[in-house]
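Undergrad: Checked TrEMBL, it gives:
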COMPBIAS  570-583  compositional bias 'Basic and acidic residues'
DOMAIN    41-514  domain 'Major facilitator superfamily (MFS) profile'
REGION    556-583  region 'Disordered'
TRANSMEM  36-54  transmembrane segment
TRANSMEM  89-109  transmembrane segment
TRANSMEM  116-138  transmembrane segment
TRANSMEM  144-164  transmembrane segment
TRANSMEM  176-195  transmembrane segment
TRANSMEM  215-238  transmembrane segment
TRANSMEM  323-345  transmembrane segment
TRANSMEM  360-382  transmembrane segment
TRANSMEM  389-410  transmembrane segment
TRANSMEM  422-449  transmembrane segment
TRANSMEM  489-510  transmembrane segment
Amino acid sequence: MGGGGGSGAAGFYDAALQRREAVMGKSGPAALVKNFRVFSIACFACIGGVLYGYNQGMFSGVLAMPAFQKHMGEYDPIDPNASQTKKGWLTAILELGAWLGTLLSGFMAEVLSRKYGVLVACLVFMLGVVIQATSISGGHETILAGRFITGMGVGSLAMIIPIYNSEVAPPEVRGALVALQQLAICFGIMVSFWIDYGTNYIGGTKLETQSDAAWLVPVCLQLAPALILFFGMMFMPFSPRWLIHHGREAEARKILSTLRGLSQDHELVELEFLEIKAQSLFEKRSIAELFPELREQTAWNTFKLQFVAIEKLFRTKAMFRRVIVATVTMFFQQWSGINAILYYAPQIFKQLGLSGNTTSLLATGVVGIVMFIATVPAVLWIDRVGRKPVLTIGALGMATCHIIIAVIVAKNVDQWETHKAAGWAAVAMVWLFVIHFGYSWGPCAWIIVAEIWPLSTRPYGVSLGASSNWMNNFIVGQVTPDMLKAIPYGTYIIFGLLTYMGAAFIWFFVPETKRLTLEDMDIIFGSEGTAQADNERMEEINAEIGLTRFLQGGSGANQGAADGSDTGYDAEKAKSEHYSQHV
């Protein structure tokens, strides 16, 4: 067994990690400034998160508007005597569409690229918005159809953009850039709540006078950021990892160099390029050995390979552990009750004693502000603090807020008029709950789902994790109106107990992943027990492309150059030059 800093594949990854940490510096705000080019690209891509957040928050306010009520017939979202199940469908059908969109997006992101996948998702999203706008004459059927199609676009964006951001990011800021997705979602929620609060006054706030523009304006405003994302994404770079996996190595090396702000033969660019290439070759050769008839990278073969890749997720203990981490993390994220609050905040605040639609919308607007502010620290510090402690502390905080709300509701459910202080205390606990979610489970759950997968199965692994998110999101959105009516304080107890379980799951079963490359995940998930043939194949690839020699401090990885020419690269000289620039 040869090696560079250890035995087997693990030795190569350990040596690569040590080499990278020697030159990449600390994570945190300074690292974001240093990687400003990547940071700005990720910010733009996260307009997709704004779309999701805006749609998520906007509809809760629309449900509370009398002008919307008169078009919904038997799906009346305001009448307390109307079917709560049908009210749930108005909200939850978007999550059902997002679940389907997520499952279809793995194939789309692999065949079309992450970049073009975003463009297709934008078109689907805009079609759904246009259909919703026609519900002024079509009623609840067009709202249901439009929200389902919009959901397909939202689901695709929510899956592809974290992949894209994680694949353009260097390890020291990857968590922060993926967390930007959640910050963007929170920004969209915050803006939507206050737009709802403002448009609620168009024509007045009563059924007899309120204009249809009160709800049509916030619905149609979704088109603006969708158009910006669609046209702007045309000018964004491709994911270098996707390019390498599809044989476009010269283009990938150039994009990596541009993204990092370093020369193409710089040590960090060379190391990252070779690690990605080694992982890509390993996955291709493994699949070719198992399924030689699917070796050629055609669209049809890629379609069939997605089922092979999904099967691979369950074939070994190491991969199945990734499946458990991704799907169960997303289960607990949704059953924390966050979307129950975001979707039905006006109703919840009325139930907690706030009288009047305007007052409940105002309290809902505060939810958006505190969540957005609370998410900012996660973007700045998640790569330094780590995922596990943030998720664990956040879950304990959220669960405790739920239990306190349950106690307050149980004691005051029939006497809010005479116990207004208790009502405001419960509202404050809702706001505190949202703060705990904002810095923890909002961004960190998506970070974990985006970063734990090998290259060939990443689109399908993220798709599986995201589908867990959307399916549980759908269930929560569907059952919450009935739960709030049938078991007012019991609803919060259920969410609280499940969130305590989520804290235990993270602490005992989820490994820490901060500052590791995507390729390093193979080690912490137990892939050092991979079959001997796999280890030998990886070592053969490492030697073939020059990674072995590179990690041992030799001259450049000439064999790994895109054109096969002699680069004349000197690793020690490059490291010395890097220190002179940054120390």
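Cβ coordinates come from backbone N, Cα and C, glycine included.
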Undergrad: Averaged over the domain 'Major facilitator superfamily (MFS) profile' (41-514), what pLDDT does the predicted model reach?
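TA: Taking every residue in the domain 'Major facilitator superfamily (MFS) profile' (41-514) and averaging pLDDT yields 84.
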Undergrad: Check the transmembrane segment (422-449) against each of 36-54, 116-138, 215-238, 360-382 and return whichever range has the most CB pairs under 8 Å.
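TA: It is 360-382 that shares the most Cβ pairs under 8 Å with the transmembrane segment (422-449).
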Undergrad: Take the C-beta pairs under 8 A between the transmembrane segment (176-195) and each of 36-54, 89-109, 116-138, 144-164, 215-238. Which stretch has the highest count?
TA: 36-54
